[in-house]
Amino acid sequence: MGPLMVLFCLLFLYPGLADSAPSCPQNVNISGGTFTLSHGWAPGSLLTYSCPQGLYPSPASRLCKSSGQWQTPGATRSLSKAVCKPVRCPAPVSFENGIYTPRLGSYPVGGNVSFECEDGFILRGSPVRQCRPNGMWDGETAVCDNGAGHCPNPGISLGAVRTGFRFGHGDKVRYRCSSNLVLTGSSERECQGNGVWSGTEPICRQPYSYDFPEDVAPALGTSFSHMLGATNPTQKTKESLGRKIQIQRSGHLNLYLLLDCSQSVSENDFLIFKESASLMVDRIFSFEINVSVAIITFASEPKVLMSVLNDNSRDMTEVISSLENANYKDHENGTGTNTYAALNSVYLMMNNQMRLLGMETMAWQEIRHAIILLTDGKSNMGGSPKTAVDHIREILNINQKRNDYLDIYAIGVGKLDVDWRELNELGSKKDGERHAFILQDTKALHQVFEHMLDVSKLTDTICGVGNMSANASDQERTPWHVTIKPKSQETCRGALISDQWVLTAAHCFRDGNDHSLWRVNVGDPKSQWGKEFLIEKAVISPGFDVFAKKNQGILEFYGDDIALLKLAQKVKMSTHARPICLPCTMEANLALRRPQGSTCRDHENELLNKQSVPAHFVALNGSKLNINLKMGVEWTSCAEVVSQEKTMFPNLTDVREVVTDQFLCSGTQEDESPCKGESGGAVFLERRFRFFQVGLVSWGLYNPCLGSADKNSRKRAPRSKVPPPRDFHINLFRMQPWLRQHLGDVLNFLPL
């Protein structure tokens with residue numbers, strides 16, 4: 001278990017100590033575990049113990065004092081030998097209106113506890129819960145409820161004791177934890193008029209417990225995902241998105257990142273902190289929200305690296321630059337942890353902004369504020385940080401009606417003897433949410449910020465969002481990808497470009513115009529997330545005629561190979577179904593973070609700005625494959641290979657009769673080639689963690705799936721093949737008039 005690193009700043013607090021300085025003894029091994037040192041054996045070095053999963057170290061850490069002796073934080077007795085002890089989960093103290101089995105004093109990792117209700121009561125929550133290796137129970141609190149109260153029975157979490165048994169409007173319940181367990185969440189909750197309990201469900205946890213990234217990421221990601229979906233200014237109809245850090249379209253988000261730079265962090269961890277923070281900033285700025293970011297590092301004193309009052313706080317490049325310039329030694333002369341001063345810096349920033357905008361103005365009152373505090377929760381100077389939080393709540397006028405305007409997240413990283421009580425005291429308390437967490441190490445922190453944006457929570461039609469987490473399915477990575485088929489035989493692919501329109505290739509429909517039997521499969525066809533849609537209308541480009549140049553000896557010609565399908569129903573947005581961004585639209589402009597007034601030409605210059613542009617298409621088996629789109633002089637050399645194809649074009653004298661400027665070209669030796677059946681699928685790029693369709697698969701000189709019925713089997717062309725593989729894709733920048741004609745009421749197009 002790594003040192004409890006809770007901030008984005010690692011400071012070497014004792015550089016250049018004299019050779020005469022004492023060093024601490026080296027007989028500090030732990031039975032069954034290992035240890036790390038932040039600064040060797042010198043005074044100021046933090047020793048952190050680690051144990052295998054399912055065990056925890058006792059003590060968790062020791063600090064080398066200036067006297068040359070080790071001290072265990074919080075210990076009153078002399079040093080004892082460090083050992084690894086088994087992790088245990090707390091037992092129920094009581095269970096109302098039911099029984100639980102087995103009845104133990106505490107439960108080992110892997111142990112289960114089961115719940116049953118008495119007659120007349122209905123079980124809500126998890127009937128069986130298992131003790132996890134982090135000392136936390138899986139599942140949800142089991143409650144036996146008869147529905148008689150104005151609010152539902154709030155239950156009693158494992159290890160907790162509750163006083164208060166009335167659940168009417170205005171009634172209160174109070175919680176405390178048994179033995180040495182620590183309470184996180186709300187110690188008191190009130191039944192509100194809307195039938196919901198105030199605050200956050202209390203949890204009693206072992207002092208050594210921590211949270212898994214897969215638990216923290218959804219909790220943070222739900223808040224930010226709702227916020228991102230709620231701030232899409234291009235949505236034409238309002239949808240109810242629920243609470244979370246929700247911002248009205250006329251509003252703005254101030255995001256404050258507070259990074260603790262104390263002696264318990266190392267330089268390597270500091271680099272991971274900065275990388276994680278930069279990743280989070282990059283992800284948030286990749287969505288079309290109005291956001292300003294403040295960055296504050298602190299030890300004994302705070303250092304404001306970026307203020308929300310600075311215009312650059314709205315510029316992702318400037319914000320990330322400020323993070324990158326955060327110096328490991330910025331706080332080397334400060335040995336304390338002054339969380340109060342860091343939060344007070346936020347308060348002063350808010351106060352200055354309120355004076356600038358005017359306390360009574362909508363411009364001030366509609367700003368939402370989110371504070372992410374990365375710390376060990378061990379403030380040891382400057383006063384109580386809760387006082388600063390109270391000042392912040394007061395200046396923002398946070399009450400029941402304005403509770404959504406402030407969220408404070410307190411996140412600890414590592415496993416020192418964390419002051420859970422202080423972390424819990426600082427974090428916001430809101431129904432159904434958690435705002436205080438402890439992560440095991442900096443790697444876990446990086447995972448959280450990388451995967452915190454759960455796109456399944458975006459009910460808006462925000463475009464170009466793929467789930468890139470490690471456990472995401474192929475369909476979740478490319479949720480715009482659809483399959484088009486007549487009855488049962490798959491023929492083509494396509495891409496969702498809105499909640500009701502699919503873009504595909506015209507040649508998929510050249511055998512007839514009756515589409516009543518055709519289906520479009522949206523989502524993962526191999527799971528419950530797949531759904532078939534009827535086609536309400538097919539719009540085929542009138543310029544497409546595969547035999548248009550047959551009398552010139554060109555047996556097949558694929559100019560204007562583009563079509564639109566309007567689905568009979570709108571697609572419900574989810575992690576498995578979401579439109580891709582089309583260039584030259586306001587939706588794509590926001591995703592690219594381009595300024596207002598940008599044009600279609602600006603998008604082309606940004607997306608297709610190199611001689612060889614890395615791009616992707618989706619294979620028959622759903623995987624994402626790589627190609628390189630050739631531009632400029634490389635486009636010419638790529639296309640000229642067609643002259644070697646004597647079967648389709650026996651008398652070709654001018655390559656441009658076949659490969660017009662409507663086509664993008666790929667297929668060099670390192671590229672994958674599309675198979676028959678992959679036509680119509682999107683050719684797309686990634687920019688700023690968003691995906692943009694620049695073309696669609698049309699035709700090629702080589703079929704890597706020929707002769708194989710296995711969707712996972714692709715055969716590369718031999719190097720000696722004549723002609724070598726080449727693939728051609730309709731260039732959407734060259735089809736703008738047609739797209740605007742048919743999608744003008746669906747998408748918001750930019751000037752050409």
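Just so it is clear, glycine is given a Cβ too, placed from its N, Cα and C backbone atoms.
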Looking at the candidate ranges 50-54, 260-264, 600-604, 740-744, report the one that Swiss-Prot labels motif 'MIDAS-like motif'. 260-264
Member of CYS492, CYS508, CYS581 annotated by Swiss-Prot as disulfide partner of CYS463: CYS581
CYS151, CYS177 - which one Swiss-Prot pairs with CYS204 by disulfide: CYS177
What three-state secondary structure does DSSP assign to ASN112 (N-linked glycosylation site)? strand
Please name which of the recorded positions listed here, ASN112, ASP561, SER679, is nearest in space to SER262 (Mg(2+) binding site), Cα against Cα. ASN112
Would you kindly give the Cα-Cα distance separating ASN333 (N-linked glycosylation site) and ASN621 (N-linked glycosylation site), rounded to the nearest Å? 58
Round to a whole number and give the Cα-to-Cα distance in Å for the pair ASN112 (N-linked glycosylation site) and ASN471 (N-linked glycosylation site). 26
Suppose you look only at the domain 'VWFA' (254-452); what would the mean pLDDT be? 85
I need the CA-to-CA distance for ASP561 (active site, charge relay system) versus HIS507 (active site, charge relay system), whole Å please. 6
Among the recorded positions ASN112, SER262, which residue has the fewest other Cβ atoms within 10 Å of its own Cβ? ASN112
List of residues, in chain order, with Cβ under 8 A from that of HIS507 (active site, charge relay system) and at least 6 apart: PHE544, VAL546, TYR558, ASP561, SER679, SER698, TRP699
Taking all protein chains shown into account, the Cβ-based neighbour count within 10 Å for ASN290 (N-linked glycosylation site) is 16
